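Participant: I am attaching a structure below and will ask some questions about it afterwards.
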């Protein structure tokens, strides 16, 4: 691998009113190991931001910190601020369950519940005691339409979610996440288990979703990052190296390490 100046950085910022989420001096530790090294970063509203970098660079760890998923790891410790709507999501007194209604997550592999398609969508509402069938029906239809799945499943809503294809299951998981009307949707390599056609359909769904949501996606697929995102951030060994409009990252990167990574020269 070529010698790089790892102190070189190029990180764009946005006016505060355009930012859906901001991290300030965010560190993540696994025991004594520092996995994320003091990242300052903003995410623009109603845009898709891709997080890229070689395996082990910290991009998924960073993504998981944004809605406190690292809380489930005993040895994980997160310091710094995660600012959403003027509130520090990383504060100890935050109701994490309520916060995740605003900052949702779609995981790497489709993980539908062992329930019907309908019950997957209504799960959070029914858990909260909502019984209004008309309201629940509307939530199901709206969420499935936004996830581009309604036309395929509208006559099979009470069949098991496991009868769906992998791509359909992933879009069901997106519908389940957006059913509670989050403002931000986190996606951790959502297409990694999908075939090319299902991946294309997922990306088309993302383009529609960004009209209403801010999307942050981790991907190992450079072509996907180039196609599907407005902004791209390059991570390396826990550091944010470069963050810019996607066209700039792929065609005119300011840091040599970024240019070499996206062109396949290392990583």
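Here the Cβ of each residue, glycine as well, is placed from N, Cα and C on the backbone.
The ATP binding site annotation in Swiss-Prot covers 53, 54, 55, 56, 57, 58, 59, 60 and rests on sequence analysis. The feature domain 'ABC transporter' is assigned by Swiss-Prot to 21-262.
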Participant: Taking the centroid of the Cβ atoms of 53, 54, 55, 56, 57, 58, 59, 60 as the ATP site, which other residues of that chain lie with their Cβ within 8 Å of it, listed in sequence order?
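Facilitator: Neighbours within 8 Å of the Cβ centroid, excluding 53, 54, 55, 56, 57, 58, 59, 60: 61, 235, 236.
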Participant: Restricting attention to the domain 'ABC transporter' (21-262), give the mean pLDDT.
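Facilitator: So the average pLDDT across the domain 'ABC transporter' (21-262) works out to 95.
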Participant: Counting other Cβ atoms within 10 Å, pick out the least crowded of the binding-site residues 55, 60.
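Facilitator: Selected from the binding-site residues 55, 60 on minimum Cβ neighbours within 10 Å: 55.
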Participant: Return the residues near residue 56 (ATP binding site) by Cβ distance under 8 Å, restricted to its own chain and a separation of at least 6 in sequence.
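Facilitator: Set apart from residue 56 (ATP binding site) by at least 6 residues yet with Cβ under 8 Å, we have 237.
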Participant: State the count of C-beta atoms found within 10 angstroms of the C-beta of residue 58 (ATP binding site), not counting that atom itself.
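Facilitator: Within a 10 Å radius of the Cβ of residue 58 (ATP binding site) lie 22 other Cβ atoms.
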Participant: Using all protein chains shown, find which of the binding-site residues 53, 54 scores highest when you count other CB atoms within 10 A of its CB.
Facilitator: 53
